[in-house]
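Copied from Swiss-Prot, the annotated features are:
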- 11-31: transmembrane segment (TRANSMEM)
- 81-101: transmembrane segment (TRANSMEM)
- 114-134: transmembrane segment (TRANSMEM)
- 154-174: transmembrane segment (TRANSMEM)
- 186-206: transmembrane segment (TRANSMEM)
- 237-257: transmembrane segment (TRANSMEM)
- 265-285: transmembrane segment (TRANSMEM)
- 304-324: transmembrane segment (TRANSMEM)
Amino acid sequence: MSWISPELIEILLTILKAVVILLVVVTCGAFMSFGERRLLGLFQNRYGPNRVGWGGSLQLVADMIKMFFKEDWIPKFSDRVIFTLAPMIAFTSLLLAFAIVPVSPGWVVADLNIGILFFLMMAGLAVYAVLFAGWSSNNKYSLLGAMRASAQTLSYEVFLGLSLMGVVAQAGSFNMTDIVNSQAHVWNVIPQFFGFITFAIAGVAVCHRHPFDQPEAEQELADGYHIEYSGMKFGLFFVGEYIGIVTISALMVTLFFGGWQGPLLPPFIWFALKTAFFMMMFILIRASLPRPRYDRVMSFGWKICLPLTLINLLVTAAVILWQAQ
């Protein structure tokens with residue numbers, strides 16, 4: 001057929017790749033919620049969800065059906081438009097942040113030359129969703145949770161971005177594929193160890209995960225900025241949080257652990273195994289660490305993480321200049 005051109009086929013293949021990758025990310029985020037509950041039960045010497053299906057294997061399906069049929073309630077005195085937009089912005093921004101991650105050679109949704117900057121932009125956009133949710137709910141606990149979340153996220157995004165500048169300086173590019181290719185001989189985690197530590201800490205904080213989950217602290221704020229959400233709106237926030245974990249784990253692999261590179265196994269398998277390891281670390285951290293006070297979280301970021309990232313960046317720049325001479 002004359003209307004089928006090579007350009008059209010290329011566009012269709014690109015769309016197909018994007019749909020497949022993003023569907024896999026959403027599925028991984030959903031299944032991680034079930035896996036986390038089972039593993040937390042194991043860590044805490046209890047069973048966890050094991051009633052629906054064999055060994056609880058259909059628990060996720062039951063939760064999805066329950067959430068889909070729950071009443072989608074909107075508070076009487078809330079700002080209905082902003083209240084509805086907030087979970088959509090949160091889910092979309094966190095999902096789009098994964099678009100620049102190459103899962104194997106040639107398999108990336110958007111191979112941008114400003115890949116890292118695009119990720120930081122999407123992470124910053126998620127802050128607006130939190131503020132919208134807290135403000136539009138017209139609830140004091142929701143507003144306090146949103147203020148905590150926005151201050152914490154904006155603070156730790158500074159350290160998140162600075163921790164990546166050493167990687168960018170070594171690779172000479174913001175493109176994620178170029179960064180993976182630059183690790184053919186040595187993974188960035190070795191020369192950029194302190195950058196990796198800071199990125200991991202800031203990544204946990206940006207995802208609002210334990211022990212940095214003060215914006216959602218049940219004992220203090222009754223679930224924080226999404227206290228008034230129910231049904232599918234709450235589901236978008238809930239799944240979006242786990243998509244954020246998948247994205248941060250994938251970025252750790254891509255930026256510091258060679259991405260898809262590895263012996264014997266296919267590239268995608270290596271990428272999936274490395275990412276699954278860091279997703280498991282998120283769950284282990286939640287099971288083992290206590291929640292510190294909010295002021296100590298902020299103090300830790302500005303007094304320890306910020307100097308560490310600046311020292312790492314200065315040392316990296318000095319080494320690059322010394323090698324160039």
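For all residues, glycine too, the Cβ spot is worked out from N, Cα and C.
Counted as Cβ pairs under 8 Å, contacts with the transmembrane segment (237-257) are highest for 186-206 among 11-31, 154-174, 186-206, 265-285. When Cβ distances are compared across the two stretches, the transmembrane segment (186-206) makes contact with the transmembrane segment (304-324), since 3 or more pairs at least 6 residues apart fall below 8 angstroms. Between the transmembrane segment (154-174) and the transmembrane segment (11-31), fewer than three CB pairs separated by 6 or more residues in sequence fall under 8 Å, so the two stretches do not touch.
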